[in-house]
Each structure stands twice: as C-alpha cells, then as structure tokens.
C-alpha cells in the first residue's frame with residue numbers, strides 16, 4: 001500500500017469496504033459522495049488539458065510524437081488529488097505532455113545538427129531564436145516558450161511569477177542531457193555506466209517534474225525551490241528510482257531498436273555480467289532508492305510535509321506505471337487504463 005497511488009487505493013478500498021458486514025453505511029455514503037464530487041473537478045481539469053492538447057494539433061503537425069494527454073493528467077492526480085491543487089495539476093499535466101514532445105524530438109526524429117541548434121535555442125529561451133530552427137522544431141519551441149509565459153502570467157496573480165525561473169532551468173537541464181543521449185545513439189557510443197547514470201538521471205524527467213509540481217502549490221515559496229536546486233538526498237533517490245525502473249522496463253524495446261547505450265548494456269559490459277545479473281543490480285538500486293525516499297520523508301528537513309509528499313507520490317507513480325517491469329507510459333493499455341477509468345471516467349454508484 002505504501003508504494004501505491006493514494007487516490008487509486010481510495011477508489012478500490014471503497015469497493016472493498018462496501019462488502020464488509022460491519023460497515024458504517026453513513027461513512028460509506030459520505031466516502032462515495034466525496035469521491036464523486038472530487039472526480040467532477042478532475043474531469044473538468046482533464047477536459048481543459050485535453051482541449052489544450054487538441055488545439056495544439058501535435059497529432060497532425062508532429063506525427064512522430066506520442067499522444068498521451070490523458071496519461072499525463074493521470075500522473076498529476078497521483079501527485080496530488082486534493083481540490084486545492086487544481087491549478088497545479090493542470091500545469092504539471094501540460095508540462096509532462098510537453099516534455100514528451102521534446103523527448104520524442106530528440107529520441108525519434110531529429111538529426112544531430114538540428115538538435116544542436118534546438119538545444120542552444122532552448123538554453124537561450126528567446127522567441128527570436130525561432131528562425132534558426134527547421135519548421136517542425138519551430139512548432140514545439142513556440143509552444144514551449146508560450147507555456148512557461150502562461151505560467152508566469154498565472155502565478156503573477158499571487159506574486160509568485162519568479163518561481164517559474166526554477167522550472168525553466170530544469171527544462172534547460174533536461175534538454176542538454178537529451179542532446180548528449182542523442183549523440184550517443186547516433187554515434188553508437190556506449191559510455192561507462194557511471195557516465196551513463198550521471199547523464200540519464202536528468203533525463204528521467206524527475207528533476208523537472210518535481211520542480212514543476214511545486215509551481216501551482218501556493219504554499220511553495222522561493223526557499224522551497226532553492227532547497228530543491230541543491231538536489232537533496234530524497235530527490236536524488238527519487239530520480240535514481242525513476243531511472244533504474246525505467247531502464248529495466250524499457251530494456252528489451254530499446255535493445256530491439258538498436259540502442260546500445262542502455263543502462264543494462266553499459267553495466268553488463270563494465271562488470272562482465274549477464275543480463276539477469278545486471279537486472280538484479282538495477283532492481284537492488286531501486287530498493288535502496290526507495291529506502292532513501294522513505295528516510296527523507298521521516299527525517300527533519302527545512303521544508304514542509306506538503307512539499308516532501310510530492311516527491312513520495314512521484315515515486316509511487318513510477319512503481320504503478322512500471323508494474324511488473326512493463327512500460328505503462330508508452331503502452332498505457334497494459335497498466336494504466338483500468339486506473340484511469342476508475343479515477344476519471346466511472347463514478348461510484350451511490
């Protein structure tokens with residue numbers, strides 16, 4: 001239960017509790033009403049995110065990109081389901097969808113020279129850089145800059161627009177590391193596992209997503225963002241957890257498409273071990289990372305429990321999305337679809 005998504009477990013526990021002989025009918029009815037009322041808000045938010053995604057029309061203009069708006073929103077409900085985080089969920093869902101577009105540009109479509117210019121343009125974060133880009137990159141570049149401008153406008157209402165800077169810097173960081181990985185793939189370079197992990201931790205997206213998850217939280221102040229920039233142990237553990245679980249789940253697919261610079265392959269070469277032994281090592285790293293996340297939740301820190309809980313919930317999402325070493329993000333029908341239906345499609349019958 002500790003590694004499960006709280007909102008998912010809430011939905012399933014209501015069904016289980018309903019079968020109990022000694023159930024409290026008033027409490028059960030209240031739980032159902034509470035779930036359905038909050039679900040109505042979640043449905044409204046999903047509609048907003050879906051309409052934003054549809055209006056961008058990436059499915060037509062960037063056909064190489066994954067169409068995962070619903071799955072992106074599901075992740076945000078895992079991070080925070082409470083009604084006061086409505087704005088935060090919408091912001092985070094849009095960011096997850098956007099980083100998927102950027103990732104696919106590096107991973108499946110761009111060539112080195114174009115990717116180098118794209119990377120530099122994002123580092124400069126200036127719309128005047130757009131003319132340097134090929135047409136297909138202009139589309140995602142403009143949307144990316146517009147998105148963060150919208151965040152600044154929205155947060156300025158509460159005098160918090162300056163914290164968007166921290167999310168921008170994390171976006172620049174991940175793009176730099178995407179470019180390194182793209183060169184590895186194109187050049188057929190297999191780095192030492194230490195170099196691999198040093199770069200790939202950033203491209204796990206969890207530095208970016210954790211920072212972004214705080215944008216819409218009015219309780220998150222500049223000091224919280226500063227704390228996060230220092231990459232505290234709990235964040236490093238969560239990023240490592242995301243990286244190694246993803247590497248285990250996607251190994252066969254990446255190997256099948258000729259990608260030699262995978263974590264498993266690098267570890268096998270460096271230590272002269274079999275695939276099974278490398279998998280076991282990565283699983284061990286995941287277990288250690290979970291212990292470090294739990295330690296970080298329990299130990300005194302300069303930030304509040306509300307801030308720490310986002311990191312814990314992001315860890316939980318990884319465990320659910322990659323359950324039984326399946327890539328539930330790329331293939332949501334395998335893992336996430338039943339949860340999505342339960343949380344944002346089907347209401348509970350009163």
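Note: Cβ is positioned from N, Cα and C throughout, glycine not excepted.
The stretch that Swiss-Prot tags with motif 'DDXXD motif', taken from the ranges 88-92, 93-97, 98-102, 103-107, is 103-107. Every protein chain considered, the tally of other Cβ atoms within 10 Å of the Cβ of residue 250 (Mg(2+) 3 binding site) stands at 20. Long-range Cβ contacts of residue 246 (Mg(2+) 3 binding site) within its own chain (separation 6+, distance under 8 Å): 204, 318, 322, 327. In sequence order, 178, 203, 205 make up the list of same-chain residues 6 or more apart from residue 103 (Mg(2+) 1 binding site) whose Cβ falls under 8 Å from its Cβ. In three-state terms derived from DSSP, residue 254 (Mg(2+) 3 binding site) belongs to a helical segment. For residue 254 (Mg(2+) 3 binding site), applying a Cβ distance below 8 Å and a minimum sequence separation of six or more within one chain yields 262.
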